Amino acid sequence: MAKIKARDLRGKKKEELLKQLDDLKVELSQLRVAKVTGGAASKLSKIRVVRKSIARVLTVINQTQKENLRKFYKGKKYKPLDLRPKKTRAMRRRLNKHEENLKTKKQQRKERLYPLRKYAVKA
């Protein structure tokens, strides 16, 4: 089997990807048997290509799965931890914009009664 490109895999459905994954795993086991029995050098060098292909297929499966989960949870109140933005612990606990801008009644009254003075500079 030739080297598989990730862009070719992205258009396929999940069932097709799983079928291809099984085929690659079967091929890898056959190549490993050939390695033990003393197979040709071309088969030995093919083991690396097949392993990388398996990794590519799994990567595409996982990425599409995560993408679908992101679409599903978009706009929902709660999201799984791995879909939330990765921030530091302190940043997660910080007040949000709305909470930062809230003012007490006393502070609102003070600002209303004593507005900021504006000065005109005489040239």
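Just so it is clear, glycine is given a Cβ too, placed from its N, Cα and C backbone atoms.
Note on LYS19 (N6-acetyllysine): other Cβ atoms within 10 Å of its Cβ, all shown chains, come to 12. Annotation source Swiss-Prot lists N6-acetyllysine at LYS19 (among others).
For LYS25, the entry in Swiss-Prot reads SUMO2 cross-link. Following the DSSP three-state reduction, the secondary structure of LYS25 (SUMO2 cross-link) is helix. The Cβ neighbour count for LYS25 (SUMO2 cross-link), using a 10 Å radius and every protein chain shown, is 13.
Listed in sequence order, the same-chain residues six or more apart from SER29 (phosphoserine) with CB atoms under 8 A from its CB number zero; the list is none. Summarising the annotation, Swiss-Prot assigns phosphoserine to SER29.
Under 8 Å, Cβ to Cβ, and six or more positions away along its own chain, LYS43 (N6-acetyllysine) finds LEU31, ALA34, LYS35. Annotation comment: Swiss-Prot describes LYS43 (among others) as N6-acetyllysine.
If you look up Swiss-Prot, you'll see 86-96 marked as compositional bias 'Basic residues'.
Residues annotated as region 'Disordered' in Swiss-Prot: 86-123.
For the pair LYS25 (SUMO2 cross-link) and LYS19 (N6-acetyllysine), the C-alpha distance works out to 10 angstrom.
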